[in-house]
Amino acid sequence: MMEGSESFTDTVLSWSLEDICNENLYKHQVEKIPESVQQFGACSYPLLDETRAQLQSSMESMHRAPFCQVNAIQESKHYEGETKLYDIEIDGWRNSDSGKELHKPIQGDVFVLADAKLETISDLRKLGKWWSLVIVTEVSTDKKEDDRTFLSLKVRAPKEFEVNNGNGTSLFLVFLANITPNLRIWNAMHMCISSRWKVLFGDNFMKSFKKLKSFQKKMSVLNLLLKLSSGWRPKKRNVDTICKISSMTLKQFKVDDLYIVLTIDIEKDLKYMQVLRMWDLLPGLLDIQKLADRLDCIFSRYTNLFVNLCREKCLEGHLEVPASWPLSLDVVRYKDLSSTKSMSNSVGDSSVNGSCVENSKVNESLLLMKFYSLSSGVVNFLLSDREDSKVDLPFEVTDQEREAVLYDRSTFILGRSGTGKTTVLTTKLYQKEQQHLMVDEGFYDVESNAVGHAGLHNKAVQSSSSALNKGMVLHQLFVTVSPKLCFAVKQHFLRLKSFASGRSSLVDMDDFDDEEAQFRGIPDSFCDIPPKFYPLFVTFHKFLMMLDGSLSNSYFERFPDIAKLPQDRQRISRANVLQTFLTTKEVTYARFSSSYWPHFDVQLTKKLDASRVFTEIISHIKGGLRALEAGDGKLSQLDYVQMSEGRASSLSQQKREIIYDIFQVYEKMKMRNGEFDIADFVNDIHHRLKCEKYKGDEIDFVYIDEVQDLAMSQIALFKHICSNVEEGFVFSGDTAQTIARGIDFRFQDIRHLFYKKFVLESRKKKHDNRKEKGQISNIFQLTQNFRSHDGILKLLQSIVELIYHFFPLCIDVLEPETSMIYGEAPILLYSGNDEKLFKKILGSSGIIAGNMGGFGADQVILVRDDCSREEISNSIGKQALVLTIVECKGLEFEDVLLYKFFGSSPLKNQWRVLYEFMQEQNLLDSTLPERFPSFDDAKHSMLCSELKQLYVAVSRTRQRLWIYENVEELSNPIFDYWKRQHLVQLRELDDSLAQIMQVASTSGDWRSRGIKLYHEHNYKMARMCFHKAGDTFWERRSEAAELKVKADHMRTSSHGEANALLRKAASIFEAIGLFVPSARCFYDLGEYERAGTIYLYKCGELELENAGECFYLAENYVLAADVYARGNFFFLSISSCLRGNIFHRGLEYIKYWRQHARDEYDLARQADETHEMELEFLEHCAFHYYEGKDDRSRMKVLRDGMLSTRKFLNAQISSRTSKYLWEEKLPGDLKRPSNKKYEKQVSIDSLVYFWNSWKDTVVHLFEYLGSIDVNDYISHGDFFLNYLGVWRHFHDGLNPLYLSLIYDIDWVRSIDKRSFPRNEESIPIDVHRLVLDAQSYWSSEMLSLGIKVLEKLEVLYNFAINNSDSVFCQSRSLILIYEVAKYLLESKFLKMTHYHAETLHRFVTLSTENFVSYIFPLDWMRSSREDMISLRQIDSCKCLLNQVIVEYISSTNRLSSGQMGCIAMIILGSGKLDNELYEKLIKNLDCNSPWKKFIEDLCDSIQSELPEGYNSERPKNATVLEYSVAPERGPLLGNISHQEPREVSLLWKFHGALFKTYSQNWSLHCYNITPDCFLYLVDCLLIRICCFQGYAITTRSCFIERLIYKEEHNQVIVDDVRISFECILQFLTDVVREFLFNKTDMIKWIKKCTNNSWKVYYSLLMQRLVFVLCLLYLNFGMGFDILLDLLRRKYITDQLPKEFCYVLRGIASLRDSVSRHVDVLARAFKKSGNPLVVASFGIDCSRFFCSDAIIINMKANICMAEIVRSLFPKHSMIRSSQGQTYTTENLRHWNRNNFPVDFDPLWEIFKGFKPAKERDQCNIFSDASKIKLDVEKIIRLLAAAWSGLDDKEERKLSREVLSMLDELVQLYAALDGSEREVGNNMATVAELSRRMQWRSQRFFWPEKIQPIFTELYMEHNNKLARKAHKAVAKSGHGNEAGNGDRL
């Protein structure tokens, strides 16, 4: 928009008539500009709209407007280059209203120039009428020759028009308005766009401004402010006044009859800078003087430096600009403020008032008044008519608050009550929203205007986190315990948002009833929350429900009341059912104290408080950090009792033991009652989050207010929803206020929790191993109190000092709070008796001048507990508010009377311990007691909670505090403490004081207080307030709410009485027009029909869902379905139709939604449950109509059901890749149609499942279409005809007639649908046309959809490459791509085009080119993982590998040695080759190539089949290979004595092929084969030779390769001959040596074969070569010298894994034995992640067994799956006979205290345990239970023994104990199952038993481990003796033990 007056006039002249009449012309203009970047030009819109409205009003009354006739008009020639200016001559004005003075035109007048005299606005709309707006720019008076005067006007027009004065048409001018004032304001505003000063104005100024009635006056005030902000100052007038005391300058600027009073102030931001602070807008000098005097008193406390800086002037030309100074100057505002920091040890010195500046009431304080920065949005608000109550302006925060708001890391904010903690949170949250809006809309580079400065905003944007991404929804979450606070914060945020957007979206506080209403619409889940709900403001209770709903298997499903509900009802009424359940089954403190506490043993509870016990249970036993780390979420009794020794515990060990006993009884009672507490709920969520991943919305920023109301375990939940640990958390609270029942901790505990559970665990997830500390921010402390004055704060600080002294670790140490306000010291009241007290205070509570006397609405009497409250209420009736301390938390009052707090204290005279503190502080004198008790933790433990309650009571006070006690000996200690510090006044209650104490309140005051109490659920006191206010509606509403709460509490104890109360509450609610709570009451009563009727007919559209639920529960399914359908609740409506078997109605709904609510319906169907319900409904429909022979309806249903699979598939294809679930294992059969799980997930498996389902259906359809015969009477094809919407009718019982029953059939292409009669029931179709059209259509559909599936799979494959290291996921993606593409290419039903064929071949090529690198990767161990084994066994994997061979054959006429080597690798790695491929392969092999001979024999061996029974019975002429064994050398192999068996021949040909490739100068000629392929073949050759020994020592990866090839041939069978492989072994040794030590040629070879980094390639090859060398040595004793040599070569060892290399070096010191080297090498291989495997094929190789190797007995008839389980052992888990769970992990950390009692019998069991032999297997199951028990006892014995193995020389023994523990746990697991399962595990049982016997003989008996057992046994007996002695000692102190037994 242009600047200056021309832009304004041009804009006005550009308006059309429609624009002028459009009231919304500028309504939304400001909304488009973020507040932080609005220029003052945005304020033009209110001005323009005011001008438009002015013109519209004038046009509507033109019949009364002055007018004149135009004598002449011509273009103005005085201004060259300007157009649209005209000179008009008129001779006089006439008034339509004769009583008015004639109009005199002036500059700025707006006229309508028209060709007729206009009367109404409708005249302007008439056809043929010409008119235009014109604005007067000059006015002059001239005389004609006849002395007649006339006026000459120069006007501006919106456009040029032709002037023709001679056509006889008369022109008229009609006056509308003068816009000169608006024009001046416009010019001033645009002149001030480059404003220099920041302008702040306070609440008083805003209130005065809002009172102005005249818009022009408002604009004049703003005009002046804008001019001042630009630096303009008046030259002629002196506006400065020097204050008398302070010398500060007060400025007064006059606007009409008003004065703007302001001062120059200094603000700290990036630097110190002068600002303009507007204090008020006042009408007269008297008011100005009063304000000046008050300000002068404040300014007098300013430092001289500060005053001088404020008075400093800085000029730029004729403008005054703000001066600024660097932060290093350290400007101090108040003279004595710095001294307050040293006052913490003398808080009571009344002579020191350095922090106080102003003497006024808190609510009238100028210093506590909010100030706002003048910005375009603020100006817009000031000019608008919006109510203040609907909008909150962003106000200026203090320096402390600003620092916390701008801090860009996770923050801890701590401050006492009233210091602005919630303000910081809300401001921080709002600023994040504004930052995100700026980023999202592209305004992040735009600087804010100079007037607003937006210091907070600009800083925040600069430090904005990564969460503020453009185009994303910012997920912010605010959580607090109090529903009221939650609602208030949300309202405040919405008011801020309303200010920024100009729209109101608030809910009146009066309409807020309960938590259910507050969160209406917000789902009970964090999954896919609609963006409109962000930022989320929820209570902690709602947060738990949402987190529970985000996980599978809700916590509440375990309770019978929920579990017994039908599944459909659970889905329909979960919210309401849970609400009822929570009300009746959750154990809160109120329920604990009323329903549980009276039933505990009195001997245990008599010295304890119910609140304290409940706190210990919820905060420590079940909710502390240590409890969180316990397996079951509860501290053991030992751990809990030991807490008395740590952290300044206020509970003795004895009391903790009693509390734990009570806890155990409580848990049993709770379980028996079917109830739960919040700790149960929280711990269950923690448990589920350990077992499953959180899948809800990721929250960017979390704000937790009043965090002291949460337990540690509750706070820890937030880590799961927000991973932005570094920046995303703000915790705010005050542990001085932790009086919430069930909560107890310090703020430092939160920091510890945050670091341990948030920061460290987050780093673990990100694999961030940083060890630096100090990553958490310091706690931000807010010290300025905005609620109370200095007198109250000093008293509060004195209480805090006591807590610091006696309980230093129970409260956070903070700087003392400060207040700018002087205040009266609290008063200690003395009165004769209680009756006299209340009689004097309350006096006559009559009505005086419209106000009620006595105690007012903002005054309260605070008492300790309910008993005291009832006592006072009975005495004074409804004359005053009486609340307990717990009830008043969260409230504040002007005046507080604290009544008999110390007299009713359970401490009694123990308050005398305060004298000890006074003595230490030198506060005692001769008048005070000399003898007093010393502080004792156990005796005075309750003092801490008493002081905290006292703190909360005092902190409720804003202005005046009175403390009344009538028992001096109980209150004197604290009173003496306060009096010695001069913190209190002593006053006797006389009439004058009583008169001062009384404050009259209006009815409005009482109503306002009543509403606050209502929202705190204090309905009784709220009723009293409404009674005094005369508000019967709210009084009855409170009565009904109170009745409902009573009914909820009584529902379990007295159901009938509870229902009576509930019915009465429902009737009251209904009578006063609150229909929703009334319906809710009837719902709870089970009167569903009545509740539904109220919801439906009285509550409107918002309650349709609840109405439908009620009718559903009343079994009125027709009405329920109708109501749900009316509200577009698709799932619920269909569910109701299904439940009521009203299928016709359901089908009508679906049809209607598809036609009229398509978008909403499709969106709803994306939800799993909606789609699932629709399928279920259609299935039941089809069955129903089939039984009823309703063919036409059935066909529609079947067609819809089949199409739904396609829609599922479309949904999978359209889902974002990042949403896909990746599983690391193969799924079940994807073709099973009953596999429901895929309907509830988005994954690659579900994509393929729905593709296969849809594809198979279409294939069956093709098959049917190909077999249609006109004489076919078989009815099995009806299903597919139904799918096509066709019915086959047999005419005359013989000839079939095909009729279309559905008009909109997509597959019919050639039929002109316009010829279809729309009203016909069916349309005949030619059968041949039907077949051709359907085949063509479905061929196209299958190809199109198949290619879409392939494209999605390709995208998923690329995603897996970029985002996952999983070889399995990438390999599986390629297999699926190959499967789908190959199927489509080979399908006989599809009509393939060249484009389709080319596309599909591309996908096949994609698979074949990449797949080999995953099955045979460079890092060879990756393809040998457990998930890859299962993948490589499936046929599709082997087929894809075969396809690779086909590609090789097809690509060339002659295969190279490299290609042949790769083919051999593929065959060896898959073990499969079909005949056709075999023949093709043989034809392409070089006839003389050794590779051909080897591959021919290899293929023959694969295709040959062994005789039946081959594995079970050895042929007579064959044996396992015989050999002899030298003492340490290994097998000595003889020469071949006669014809080689096939396997031997194959090995020699294998060797020949490799030898030829290597021997032809490999460094020059073998580049055709890759190094990794060559080494793979070397591995294969080596393990085949190893197997001829009768055993093989190999690595897991090599063994797996052999296993995959020989899956069904587990024994090596050869003729009875002696064979020598010396030649081959020497060849392998030479190859390894050459490759290891010839680094240069190896690198050349690598670089020739790869474009990637040769370093990684080389490192992996070196590892593989060293592994081969180790296996050569272990199996044949060859290469040991090479092994020692390479360990001395750094360039080789640098390539090896560090741990592997470190362990391997230990072999050098053991030169004597291969068997001894096995231990070292096995440990080394285990460190590498590729453990050693000792596989026996019938030969005893026990000498090689060791703990770090995997032992496999291939002679046993074990299946492939069992072998794989052995190769990949899991941590076994067993459950003991006592119910305890053991794993091989936790047994390793067994506590020696768990040593078994029955030592001697266990010793015998261990020695006598015999292995299970094969001949005894039939008897194993019958003895399984006994064996398991013995095994469990041995496990416990060994675990206890292991804890004693600490010496270095016992390390090896320690490892053996752990290995035996592992095997014992595996043995237990193998024996734990059904008879069939145990039978299947017999081979495992036999092997494990044999190993145990071998270990025990080798390591344990008897000299090594028996001494450890003996030591443990003696230590155990000593503990028993000490325990018995302790029990005897206790017995002399009473009957506690007996009482415990009774409990």
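In case you wondered, yes, glycine gets a Cβ from its N, Cα and C as well.
A TrEMBL annotation is a machine prediction, not a hand-curated record.
Annotated features in TrEMBL:
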type    : residues                                       : note
BINDING : G415, R416, S417, G418, T419, G420, K421, T422 : ATP binding site
DOMAIN  : 394-789                                        : domain 'UvrD-like helicase ATP-binding'
Practice task
Can you check which residues sit near G420 (ATP binding site), meaning Cβ under 8 Å from its Cβ, same chain, 6 or more apart in sequence, and list them in order?
Solution key: V397, T398, E401, L782, Q784, F786
Practice task
Other Cβ atoms within 10 Å is the metric here; tell me which of the binding-site residues S417, T419, T422 scores highest.
Solution key: T419
Fill in the blank from the handout: Across the domain 'UvrD-like helicase ATP-binding' (394-789), the model's average pLDDT, rounded to a whole number, is 76
Handout entry: Cβ contacts of K421 (ATP binding site) (under 8 Å, same chain, 6 or more positions away)
Key = I413, L414, G415, D705, S732, G733, D734, L782
Completion exercise
If you tally other C-beta atoms within 10 angstroms for each of the binding-site residues G415, G418, the top scorer is G415
Exercise for the section: Give the number of CB atoms, excluding that of R416 (ATP binding site) itself, located within 10 Å of its CB. Expected result: 24
